[in-house]
Structure formats: C-alpha cells, structure tokens
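Novice: I'd like to ask some things about the structure below.
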Amino acid sequence: MRRGEGPAPRRRWLLLLAVLAALCCAAAGSGGRRRAASLGEMLREVEALMEDTQHKLRNAVQEMEAEEEGAKKLSEVNFENLPPTYHNESNTETRIGNKTVQTHQEIDKVTDNRTGSTIFSETIITSIKGGENKRNHECIIDEDCETGKYCQFSTFEYKCQPCKTQHTHCSRDVECCGDQLCVWGECRKATSRGENGTICENQHDCNPGTCCAFQKELLFPVCTPLPEEGEPCHDPSNRLLNLITWELEPDGVLERCPCASGLICQPQSSHSTTSVCELSSNETRKNEKEDPLNMDEMPFISLIPRDILSDYEESSVIQEVRKELESLEDQAGVKSEHDPAHDLFLGDEI
C-alpha cells in the first residue's frame, strides 16, 4: 500500500510546480510588455517635443527671412526717378505660418526750387501679429467683469476697472457704483433715466420737456431741456418743418433741441447761422388779444379797416361798447337795420 501511494503525491507536486512556473512566466511577460509600452510612450513624447521645437525654429527663421525680404523690397526705391516733390505711404502684409508681418513705409522727397537741394526721407515700421490676433483683453463686455467693476475700453487693451464714486467723471452709466447714473458727465445719486442730463440714445429715452441732443463739452448725447425764448435751438433746413409739432420730429439724436411749446426757431439775422427761439405769430396775437385795448393809443379807430379791426373784436372795450349800443336800442324799442353810428364804429367807409 505504501509503495502504491508514493507516485501519486509526487505527480501532484510536479503539477503544482508546473502551474507556478507558468504563472511566473506570464507575470514576467506582462511586466515586460508594460515596461515596453511605457518606454514607447516616452519616445513618442520626446519625438513630439523635438518636432514642436523644430516647428518653432522654422517659424522664427521664416519670420527673419520675411523681414529681410520685405526690407529689401522696400529699399529698392530709385529716388532719382521720383518727381521733385513726392510723398507716398504704403502698407504690406506677409503671411508666415500663423503670423502676419505688417510693414508700413513712408517715402518723402522735397526739392528747394531756389537752391536745387533735395531731401530724401524713408520711414519703415515693421510689426508682427499672431495668427489669432490676440490682444491683452481682460474683458470684452461689462458682464465679463465681477460685481462692482466695469470693462474699460481702449485701443490696445480692455481691462476691468473698479466702479467710480459720486461726483467722479464718467461717460457711461455702468461706470458709476450702485444705483448712481452718469448725469452731465458725473456720477450722481437720486436720479432716474430720462431726467435732465442723463445719457440717451434716442428721443424716446428722455422725459417730456427734454430732448436727446449732443453736448460738445461731453462728447455724448444727454437729455437736454427744451430751449426757452432767446436760447439757441434746432432749426430745420426746410422752414415748413417749423410748423410741425415736436412729436413728428425724427427720433435720432439732434445737435440742438427744438423750442419749447409756443416758441418757434428763427435765425437771428439773414447772415447769421445761429437760430434762437422766438414767440410764434399765433402766440403773439393771443397775447395782444389778452391785453386791454387802450383808446388813447388809437384815436382814429373809426378809420381802421374792418379786416384789421377784427383782430381786436374780442377785446373787453369793444364788448362793453357793443353791449351799451344794444341796451340803448332795447330801451328805444327800435332796432334799426342800418345804424350809421354802428357802421362808423366798425370802420365802414363813409
């Protein structure tokens, strides 16, 4: 029995050793593949880095060559063949990869007619812009900035700036802190849009009694009070437009506002380019009708024609005289169809 049991355990041990050896070989092969894969990735990264460096070097060489070539082309100017007095400006652009080389050239030639001496001048300005034409822009619109800041626009860069305090110079409402508005070029509180001095873009932005007009001292339009009598005003080129009410005027920004109600814009003189607000003819007649008629100032009222006297028919004196005549006629009991005194008073010819 013991002899029969000997070979079986021996075979089991051999089988176990074989399995362990296979597992070790598999593990060794897997680790080798991992090491080979990581080494391949490193080689690829180094290769990509070398290619990027070579690309940058090529771009730098091309830019230098483009600048030299541009300078050669610009310098090939025969000043002797130019006219005695000459001026020229030119701009050229050369695309190199993802960059643009801009060259500005100015050529001047001035000849003194008395002495015959000639002065030559050549100015060359070269600049390089990236392919994406990026500038130092921290923001593009005001919403790009955090609360309490606004986007300040300039030629070369846009930056987020802190909002301005009260009575500080401004050109936009967003520049002022909190609930302030830009009024007459200063940040102020306790104002609402449409009031006197607030910034506007068209006539609908302003309250009644004001109009949207440019101000030379501010360089942007604001809601401006309508001018009164004697003040400069907006005078349309067509005189017939003076009869049109303000509601029918265009909605765009004006250089000057039209006159207030009851006034009309008239030139100061035939040679003057400035117009001022004056009382309209209807308003003048209305004021004259409201004034009591002084008989001492018009001693020859019976000689005034009827059409002129009709302007004063509604005056208090005329009304009182007419009532007296009617009262006398009623008392006499006779109402004559043709009363010479009445006709004489109304200015009929005798």
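Even glycines carry a Cβ here, placed using N, Cα and C.
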Novice: Which is it, of 33-78, 217-262, that Swiss-Prot names as coiled coil?
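Specialist: So the range that Swiss-Prot calls coiled coil is 33-78.
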Novice: So Cys200 is in a disulfide according to Swiss-Prot. Which of these is its partner: Cys211, Cys212?
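Specialist: The record-listed partner cysteine is Cys212.
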Novice: Tell me, by DSSP, whether Cys223 (disulfide bond) is helix, strand or coil?
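Specialist: Where Cys223 (disulfide bond) sits, the three-state DSSP reduction gives strand.
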Novice: Rounded to a whole number, how many Å is the Cα of Cys212 (disulfide bond) away from the Cα of Cys223 (disulfide bond)?
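Specialist: Roughly 5 Å, rounded to the nearest whole number.
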Novice: Measuring Cα to Cα, tell me the gap between Cys211 (disulfide bond) and Cys223 (disulfide bond) in whole angstrom.
Specialist: 5
Novice: For Cys223 (disulfide bond) and Cys200 (disulfide bond), what Cα-Cα distance in Å is obtained after rounding to a whole number?
Specialist: 6
Novice: Please report the Cα separation of Cys206 (disulfide bond) and Asn113 (N-linked glycosylation site) in Å, rounded to an integer.
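Specialist: Cα to Cα, Cys206 (disulfide bond) and Asn113 (N-linked glycosylation site) are separated by 61 Å.
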Novice: Within a 10 Å radius of its Cβ, which of these glycosylation sites (Asn88, Asn113, Asn196) has the fewest neighbouring Cβ atoms?
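Specialist: Counting other Cβ atoms within 10 Å of each of the glycosylation sites Asn88, Asn113, Asn196, the minimum falls on Asn113.
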